[in-house]
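Novice: Before I ask anything, here is the structure I am working with.
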Amino acid sequence: MPSKKKQSRTPSRLSNSEPPASPRTPASSTTSRDTDSINEEELRRSIEEASAAFPCLLGKSAIIARVADVASESIRGSKIWLSETSMVAASLSPGSTVSVSLASPESRFSRSFPLSSIKAEYGDDSESIIADEPGNYFVLTTVFSSSKVFKDAVRISLNLCYGLGCPVSGRTVFVYPVSGPSLSDQFNGNGRSRYDDVNHLSLLACKELCLELTPFRNMLQAKNAFESSYEQNGNGNSTPKTPANLQKFSSPRPKSPVSPIIEDSVFSCKQRFSSESSIDLREVLSNESSKKLLQICASSWLYPCSLLYGNFVSVPILSEICIFCVKRADKRPSDTSNRNHAFMINQETKVYLHHTLDLASEIQGRTFVQGLQFDEGENVGCEISKLGGLSKEYAILRDIIDSSSIKNSLSSLGLRPTKGVLIHGPPGTGKTSLARTFARHSGVNFFSVNGPEIISQYLGESEKALDEVFRSASNATPAVVFIDDLDAIAPARKEGGEELSQRMVATLLNLMDGISRTDGVVVIAATNRPDSIEPALRRPGRLDREIEIGVPSSTQRSDILHIILRGMRHSLSNIQVEQLAMATHGFVGADLSALCCEAAFVCLRRHLDQSSSSSNLPLEEAPIAESSSNMSDISSDSSDSASSCITISATTSGAQRSFSLDETVSLVADDIQNNGNSCSEQMLRKQGEHTLSVGFEDFENAKTKIRPSAMREVILEVPKVNWEDVGGQNEVKNQLMEAVEWPQKHQDAFKRIGTRPPSGILMFGPPGCSKTLMARAVASEAKLNFLAVKGPELFSKWVGESEKAVRSLFAKARANAPSIIFFDEIDSLASIRGKENDGVSVSDRVMSQLLVELDGLHQRVGVTVIAATNRPDKIDSALLRPGRFDRLLYVGPPNETDREAILKIHLRKIPCSSDICLKELASITKGYTGADISLICREAAIAALEESLEMEEISMRHLKAAISQIEPTEILSYKALSEKFQRLVHTDPQREEEVTQPGNKSRSLWTPLRSVAMFLRRHIAS
């Protein structure tokens, strides 16, 4: 009786972590010999034993945790989430690659291998060559942090759950970082290199991948155990309670460990993960056309991921989840070198799907080696680490970290190493990418500090979190502490500032002083507002060095574009890439990445339009538009972002953006699959014959939509106006081309002659003579960043805001040089100073600021100022001197030839009768400006419609009637201004007399007479 009573109490002691043991369960299910009865010491011994067989995939520093949650199946890719505390303790950065393995439930009671076989987790105990492969025990995945995960618990994605054999809730897992060797491991005490260490996992590119379909009958038990574990958790029935000897590394779980996400995912798993397939997959794979489509979809589904030989991967096929094993067609070599190699699935990887019989027949029918092909000469990590245009900054940072992170490297010589580096520059230039990429590939431990993550509402917790990061870095030297957006964490201390900010600054100052006594720790901070940082941080001993990353030059943009285009199928030649780099003035690395992304979408839309027009199957536009909108929101740092058929990874310094035919076919296949339709063999064959390739015209179209980041808040208008749209004024056109286009196209000529181009041009003349139109045309022809400013827009009622607006305008122009600043109606902005008697006015202060910006202490390099006015006599004389406005161009009314050209331009869009004579019209419109002629053409068209609304063309009488009604603009008062202010260098001597106004002839006659008078006066005086 007592025994029965004791047994009756057993269910009451069960926890909500695992289901009860069943008589018939696979290895993945919970048994009486599960890891609940294994303490931490035994688990550590198991890790040590397993690391001897797989040293590159498991080590003593592995994290011991339990499966607490399974993410929704909408999250694609293999991912695992740890608590923030575990991430910091293990020095893991979000997005790092880790290996995940299962502890063997029988390791305590037998002498079996301490890790659980994934093959056995699926209920297959048969012997095969895969049993000794690393993929049978380890799965490579990407790690992220989550505030919803408790300490010593993990949350896994559904794909990782399938890869591990569907472990039940509460199952013990080992998580181990598999990044490259740290800097401390590269040197021993004698300073000798240890690069020959075999315990390093190499990540190589895979060209071909062979997958074998796993028999569905072996997966029934795994499916039932996986479902029952979470169902029983939800009903309150679970496995026995965790013993006390494991409580020291297990955090308390919530009362309801199963979330609605798990219930949804399990329910979906029941629907899709079937042991009895509703279709014959062997028949599907035997059909070459359907097999080819499935292989393309599988390649897109698996990208990007890292695999090991022997891994199990899940692939959705026809609304069901199918499990494939990573194999190859030939027998594996006898050596064990593949244990140190993992392979990455990229855009070039070709996936081959086989069932068991098909794979066996293929092995017998081939005499050559068929298997996993690695690109041995190309290391994926090295390719990712290249940052375009930042080679100089990369070298500086490498010298600093190499000299500061190695213990006793400089202190033994009596030198003080650099302890802090401040990287500043505009957003999108690659500051964060530079720090993260270098720290990752140099091997040092990386600790990241983000303001929103450490700021807490409770007093003292923010400072404590910051202190824990620095303490962890000091215990894991060599280490780098990276502080992103330093201005948000440590702003300048001001009287009356926030108390939290002042406490954070004080804590950071103390921590920076503390690491000066610790060897092997370097602080790297990044900001785009260096003036907003606490000045005490920028003194020597804290942030000793400062690295400025500015807007890339044309050479740097070319380097960035070449790196981005390596991952894209394009048809651009080197000359076209250089032209694209020259045309993207002011673009930073993030802007160039966005430009390539937009060009890819332009090419994809063009390809889909062509496919839909030539195919009998209409393509739905809604899924494609949805995919395009989702694609722009993908971030490389987001852990929950779903992968897409077209993968575009955004990095600020030149992340690779690529797409190929595989993604397009996959996108179409997903669309057809979701709508329950079937894809025809003819469409697949037609799409397979052509390969998407981004052309130069795609980039030209993308440039109209992508603007430089620094110019987005400025009114940027580059109208589609060419020189052909401006009639006459050839002299003014030549002057503008010399000042704007020549410096871009003939830089060597200016350097050779030892001069610089004109830096400022003022156009003045009667209203309506195409001054603004020519400024718009020169901006469009030169394809430079064009900042159009109207004088009254810069004035503000607040004191100092007007001068600040002028200063900010020129700062943006310099940051996006070469650029053009166009001041329309500049006489309203730069009026003569001292007119008001009540002191210095707002216009006087704005004028002074404008003079300083045009020709002050800072030289304007790459910034051309073009201004237009019809009242040059109202402008301050200090602004008109050479050095500020080198050329003063009088834009007068057109002559007869110019009027004929203007009439031709305005009448080319209006249907005209054959009786219209442009030469006659030009002769009778003497004294009319370009604006008057434009009005004449419009009024003539209105007059034709007044006669009859069915009128199809205008005639000569309509134009003459309009001329008789419109009076020419008064221009006599402007001729005197041309004699006083015009200053230019004639570019066409043959037309000098025609271009020069009548007043200039009297001035040319007066010059020799004045010389003769001066000579006679000197002769008489002598």
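If you go along the chain as it appears here, the first residue is 1 and each next one adds 1.
Even glycines carry a Cβ here, placed using N, Cα and C.
Note that the coordinates shown come from a computational prediction; the quantities given were computed from them, not determined experimentally.
Quick paste of what Swiss-Prot says about this protein:
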type: BINDING; residues: 425-432, 765-772; note: ATP binding site
type: COMPBIAS; residues: 9-18; note: compositional bias 'Polar residues'
type: COMPBIAS; residues: 33-44; note: compositional bias 'Basic and acidic residues'
type: COMPBIAS; residues: 230-250; note: compositional bias 'Polar residues'
type: REGION; residues: 1-44; note: region 'Disordered'
type: REGION; residues: 230-257; note: region 'Disordered'
type: REGION; residues: 1005-1022; note: region 'Calmodulin-binding'
Novice: Could you check what DSSP calls Gly425 (ATP binding site) once collapsed to helix, strand or coil?
Specialist: coil
Novice: With every protein chain in view, how many other Cβ atoms are within 10 Å of the Cβ of Gly765 (ATP binding site)?
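Specialist: I count 27 other Cβ atoms within 10 Å of it.
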Novice: Using a Cβ cut-off under 8 Å and a sequence separation of 6 or more, which residues in the same chain sit near Lys771 (ATP binding site)?
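Specialist: Once residues fewer than 6 apart are set aside, Lys771 (ATP binding site) is near Met763, Phe764, Gly765, Ala868, Asn870, Val891.
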Novice: Once the chains shown are all counted, how many other Cβ atoms turn up within 10 Å of the Cβ of Pro427 (ATP binding site)?
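Specialist: A count of 14.
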